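Visitor: Would you mind keeping the following structure in view while I ask a few things?
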Amino acid sequence: MELKWVSCRKQSLFLISCLALLCLASLDTISCESTQNATDFKKRSQTVSCPPDWIIGPNQTKCYAYFKNSTSWEKSEMFCRTYGGHLASLASSKELSFVQKLCNGNVSSCWIGGRSMNSSTSGFRWSWSDPKTPQWNQSMFPKVPIRTRCGNGNGSSSCRANICIAVTNGSSSIFGERCNASHAFVCAVDSDIKCRNCHKYLVILAVVSGLILFTTFAIILWLLVYKRSKKRRKSRKVSNPASSSSVVPPSWKIFTSEELRSMTKNFSEANRLAGDAKTGGTYSGGLSDGTKVAVKRLKRSSFQRKKEFYSEIRRAAKLYHPNVVAIKGCCYDHGERFIVYEFIASGPLDRWLHHVPRGGRSLDWNMRLNIATTLAQGIAFLHDKVKPQVVHRDIRASNVLLDEEFGAHLMGVGLSKFVPWEVMQERTVMAGGTYGYLAPEYVYRNELTTKSDVYSFGVLLLEIVSGRRPTQAVNSSVGWQSIFEWATPLVQANRWLEILDPVITCGLPEACVVQKVVDLVYSCTQNVPSMRPRMSHVVHQLQQLVQPLEVK
């Protein structure tokens with residue numbers, strides 16, 4: 001495996017290097033082509049865009065438009081700004097000649113962007129309304145004639161304070177006049193320079209770079225996932241089987257019918273264990289190495305083939321946990337089906353709750369709390385550790401076996417489909433028409449989720465605490481009563497200790513402890529499935545209440 005990992009890593013690094021060289025070659029090609037065509041780039045790759053009906057200027061950087069509206073300089077400037085520009089500013093003799101031709105073809109004079117400025121520090125000077133235009137070129141306009149009532153020449157400083165510039169076709173190329181005078185005007189805006197081939201180069205660069213980055217990221221991600229999965233597989237091999245979600249017990253095998261008859265003494269009544277005979281019965285037996293097992297005999301079925309049966313048992317046998325009854329093997333013989341699982345010494349929970357075995361003693365509070373906690377751990381394993389999740393679907397007192405230390409072991413995991421439908425109906429539709437352990441969404445809408453198991457556990461938890469069955473006869477007047485119909489009035493009256501099983505006479509818990517357990521019961525049995533807690537949360541809550549069992 002290590003050699004394969006090194007080989008894969010070398011191949012991946014080689015692929016990344018090749019892609020990087022390909023990217024550099026592509027970029028060099030683009031760079032060389034750009035360098036060789038640098039001379040013709042401006043001519044062939046750039047286009048100048050102007051607004052409709054505007055004309056490009058001599059320097060290819062501005063667009064100009066003539067407007068014949070006769071108005072003042074201020075209003076002309078405001079109008080030009082609506083286009084995102086200003087009155088025309090002149091930075092060269094070419095621009096002056098261009099604006100003169102644009103204006104003189106229509107009228108005698110037009111406003112442009114020049115205006116007088118008079119300050120106490122710098123004195124009188126000319127400036128342009130467009131701040132991006134260079135300062136006034138004195139060599140171009142050494143002396144601007146002023147045509148106002150101030151007379152020709154520069155006039156007084158007070159007269160020159162509100163003078164604006166216009167172009168003309170007369171002897172003077174430009175002249176100054178009162179800004180409130182009315183003239184046509186010429187506006188200028190920056191041209192929009194577009195690159196024809198730049199977009200193509202950018203697209204090529206983006207595609208090549210994106211491909212390189214995506215491929216590199218995908219390879220790195222694959223390497224990380226592969227390395228992580230490899231570590232996970234190694235850890236599963238050395239981890240504790242109790243924490244694994246798919247550990248196959250080494251003793252799992254397919255038995256012959258002769259082997260089963262031999263180990264159960266031909267399924268004698270002496271070897272028959274207490275249980276539900278309607279499903280075929282359960283018998284005790286022993287393997288050749290002396291290990292005790294239980295053999296569950298299922299009723300004949302013509303709907304399931306041998307291959308399907310073995311497949312289901314194999315899948316169920318992988319679900320190994322200390323609080324789940326382990327499957328040791330199975331047998332299929334001419335339609336007869338048998339399941340062999342580990343023997344749990346103390347038998348089913350319902351016997352200890354309702355019919356204490358001869359020579360046994362009633363369950364005290366600590367025992368019951370330990371049973372509930374270990375059972376919750378087994379269910380939480382099915383919901384949270386197994387992928388995909390396993391829904392038990394048939395959590396009830398007779399499906400919980402107790403070991404010698406009164407730890408719970410959940411039986412029938414993954415085997416609910418082997419129980420005939422009519423038997424399921426008899427189990428779930430209990431006396432009085434109630435549905436016992438089944439969640440309402442499963443009964444009425446056939447919706448089965450892990451939350452259905454949480455509901456069933458809540459019913460069973462109340463049964464463990466109270467010693468009452470999910471449905472039980474009261475008297476001739478009341479008839480049958482569900483466990484919640486009995487418990488709810490006591491809960492509402494805060495009579496917590498009256499909920500306890502009357503056989504609990506020693507080691508009674510405090511009322512607040514019983515209240516916490518009953519609150520957990522009602523939390524698990526809420527009508528809305530999404531409001532029920534996860535089994536891992538239930539385990540945590542119960543572990544906070546568990547007290548060490550008394551050693552007697």
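Cβ coordinates are placed from backbone N, Cα and C, and glycine is handled just like the others.
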Visitor: Select, from Asn154, Asn266, the one residue given the annotation N-linked glycosylation site by Swiss-Prot.
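Guide: Checked Swiss-Prot: the N-linked glycosylation site annotation sits on Asn154.
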Visitor: I want to verify the bond table. Which candidate from Cys50, Cys63, Cys80 sits on the other end of the disulfide that Swiss-Prot records for Cys187?
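Guide: If we follow Swiss-Prot, the cysteine bonded to Cys187 turns out to be Cys80.
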Visitor: Of the listed cysteines Cys164, Cys195, which one does Swiss-Prot record as disulfide-linked to Cys179?
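Guide: Partner cysteine, according to Swiss-Prot: Cys164.
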Visitor: Here's one to test understanding: among the disulfide-bonded residues Cys80, Cys164, Cys179, Cys187, whose C-alpha is closest in space to the C-alpha of Asp394 (active site, proton acceptor)?
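Guide: That would be Cys80, the closest of Cys80, Cys164, Cys179, Cys187 to Asp394 (active site, proton acceptor).
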Visitor: Compute the average pLDDT of the predicted model within the topological domain 'Cytoplasmic' (223-552).
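Guide: Taking every residue in the topological domain 'Cytoplasmic' (223-552) and averaging pLDDT yields 84.
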Visitor: Whole-number Å only: compute the distance from the Cα of Cys187 (disulfide bond) to the Cα of Cys179 (disulfide bond).
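Guide: Cys179 (disulfide bond) has its Cα 16 Å from the Cα of Cys187 (disulfide bond).
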Visitor: Work through the disulfide-bonded residues one by one (Cys80, Cys164, Cys179, Cys187) and point out the residue whose CB has the fewest other CB atoms within 10 angstroms.
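Guide: Selected from the disulfide-bonded residues Cys80, Cys164, Cys179, Cys187 on minimum Cβ neighbours within 10 Å: Cys179.
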Visitor: List the Cα distance (Å, whole number) between Cys179 (disulfide bond) and Cys80 (disulfide bond).
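Guide: Pair distance, Cα basis, whole Å: 16 Å.
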Visitor: Rounded to an integer, what is the Cα-Cα distance in Å between Cys80 (disulfide bond) and Cys164 (disulfide bond)?
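Guide: Computed Cα spacing between Cys80 (disulfide bond) and Cys164 (disulfide bond) is 16 Å.
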